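Visitor: From TrEMBL, for reference:
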BINDING   Arg23, Glu81, Arg121, Lys435  (6S)-5-formyl-5,6,7,8-tetrahydrofolate binding site
BINDING   Asn228, Ser247, Val249, Thr252  K(+) binding site
BINDING   228-233, 247-253, 272-275, 340-342  GTP binding site
BINDING   Ser232, Thr253  Mg(2+) binding site
DOMAIN    218-359  domain 'TrmE-type G'
Amino acid sequence: MLSTDTIFAPASGFGRAAVAVIRISGGGTRFALETIAGGVPEPRRMSLRRLRDPETGSVLDEALVVFFPGPGSFTGEDGAELHIHGGAAVRAGVLRSLGRMPGCRAAEAGEFTRRAFLNGRMDLPAVEGLADLIDAQTEAQARQALRQLGGELGRQVESWREDLIGALADLEAALDFADEGDVPASLEARAGGAARRLAGEIEAVLRDSRRGERLREGFVVVLAGPPNAGKSSLLNALARRDAAIVSPVPGTTRDAIEVACDLGGLPVTFIDTAGLRETEDVVEREGIVRTRARLDQADAVLWLDPVDDPCPPPAGDPRYIHLRTKSDLSPAAGQDLRLSARTGDGIPELLDLLSRRAGDALGTGDALVTRERHRRALERCAEALRRAVDALAVDQGELAAEDVRLALRALGEITGRVDVEAVLDRLFAAFCIGK
Ligand SMILES: Nc1nc2c(ncn2[C@@H]2O[C@H](COP(=O)(O)OP(=O)(O)OP(=O)(O)O)[C@@H](O)[C@H]2O)c(=O)[nH]1
Ligand SMILES: [K+]
Ligand SMILES: [Mg+2]
């Protein structure tokens, strides 16, 4: 399963840059350094080296070279980084020279991290945390990813696993000594107590309103209302650029237009939509169908209607926030939230309100469960533990032991101890090359 090739890849993205980092990992790392950099530098220290094309001997670059001996390296194998000049020609020359070495090839997406996992350097939640960290667009997302990369979920799951292994040992001992009076009863009672306590702890963790998953996905705010309410104007004011066409013609917006923002460290996506009205225009009608689809996915809906032309929102949906637009047209202050895209009046208050709503929904990066995968496994674990408790209540020790085994298996899936091939392929395919 673990390829023995030595792999290399640019780790610093593509395009013109001052410095590019090329990463190498595998048993041939020392040979590669001897061949291209004239020797293996002192471990974990940057050394200035002249890189040469091994075939022609011509100088490729002056580079900073670092050698990371295994097994204490990121991948667990010997590895190296070449910090070269970031021009396309230099990079291509170094990559070409590495590619010509025997047993050396370009890495696949996520292959360095995959090796780290397979060599036991990271558990699966840490790998997922690393993927999330690379994708993180806001501070709270990065904080959550770092906690997971640091092993928060992995440690919790391991501690539950240890407790469960103890409970399983108790149950098995009780079955072995079934005819020795009080001993089995007290062992079963101890196992049952542990199963009940763990089920309770896991259920408490699951009662988090999916904050961790939602922080990864972002908070979705849909701008909706009648035509010409000023939805696109507000979107542009929030985005601070001309993201959507504004015009006095009702029915201007047809496609939903998305703008991703960072609201106080939280990822918020604003979606401008086609104004809602009865219309014979087929294109506008399709736009309205799309508006309705977006409304279904929204975490919050800004329902906009102008101060001088009211059109109230549908009642009874807590996601809706009613905003009166074009407040510059009529000075009378009512009870509604008012704003003007033209003067900026009311927009700071709106952003405050949305920050609070997003913060309540997404948390600030403190959730333990960050993926549906974790949630399903924990649900299965808690269900199996509840069944085990019920089985013990009617003296079915064998059944209880089987359910505890299932619960253990569910926990093992989270950390990557069991059944992970399918997860790995999906996860690493989403990584970038060089990670
Ligand atoms: N006075 C004033 N006019 C505004 C304000 N916001 C928008 N308008 C005007 O209202 C008209 C419609 O604005 P849009 O932003 O296109 O409205 P919309 O809701 O996106 O319209 P549709 O996409 O057609 O549904 C334009 O002429 C804007 O200049 C505002 O705050 N004050
Ligand atoms: K319009
Ligand atoms: Mg519009």
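The backbone N, Cα and C atoms fix where each Cβ goes, glycine too.
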Visitor: Over all shown protein chains, what is the count of other CB atoms within 10 A of the CB belonging to Lys435 ((6S)-5-formyl-5,6,7,8-tetrahydrofolate binding site)?
Guide: 20
Visitor: Which binding-site residues from the set Lys231, Ser232, Pro250, Thr252, Thr253, Ala341 have a C-beta atom lying less than 6 Å away from ligand 3?
Guide: Lys231, Ser232, Thr252, Thr253
Visitor: Give me the Cα-Cα distance between Arg23 ((6S)-5-formyl-5,6,7,8-tetrahydrofolate binding site) and Ala274 (GTP binding site), rounded to a whole Å.
Guide: 48
Visitor: Per residue, counting other C-beta atoms within 10 angstroms of the C-beta, which of the binding-site residues Arg23, Arg121, Lys231 reaches the highest number?
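Guide: In terms of Cβ crowding, the pick is Lys231.
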Visitor: List the binding-site residues Pro250, Thr252, Lys435 whose Cβ sits under 6 Å from any atom of ligand 1, in sequence order.
Guide: Pro250, Thr252
Visitor: Identify which of the following binding-site residues, namely Asn228, Ser247, Thr252, Ala341, place a Cβ less than 6 Å away from any atom of ligand 2, and list them by sequence position.
Guide: Asn228, Ser247, Thr252
Visitor: As a test of the contact definition, list every same-chain residue at least 6 positions from Ala341 (GTP binding site) whose Cβ is closer than 8 Å to its Cβ.
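Guide: Same-chain residues close to Ala341 (GTP binding site) (Cβ under 8 Å, separated by 6 or more) are Gly230, Ser233, Leu234, Asn236, Ala237, Thr325, Lys326, Ile347.
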Visitor: Among the binding-site residues Glu81, Arg121, Lys231, Ala274, Lys435, whose Cα is within 10 A of the Cα of Ser247 (K(+) binding site)?
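Guide: Neighbours among binding-site residues: none.
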Visitor: Among the binding-site residues Arg121, Ser232, Val249, report those whose Cα falls within 10 Å of that of Ala274 (GTP binding site); none is a fine answer.
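Guide: Within 10 Å Cα-Cα: Ser232.
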Visitor: Using other CB atoms within 10 angstroms as the count, which residue among the binding-site residues Val249, Ala274 scores least?
Guide: Val249
Visitor: Using the recorded K(+) site (Asn228, Ser247, Val249, Thr252) as reference, state which further residues of the same chain have their Cβ within 8 Å of the centre of those residues' Cβ atoms, listed in sequence order.
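Guide: Apart from the listed residues, the neighbours are Pro227, Ile245, Val246, Pro248, Pro250, Gly251, Thr253.
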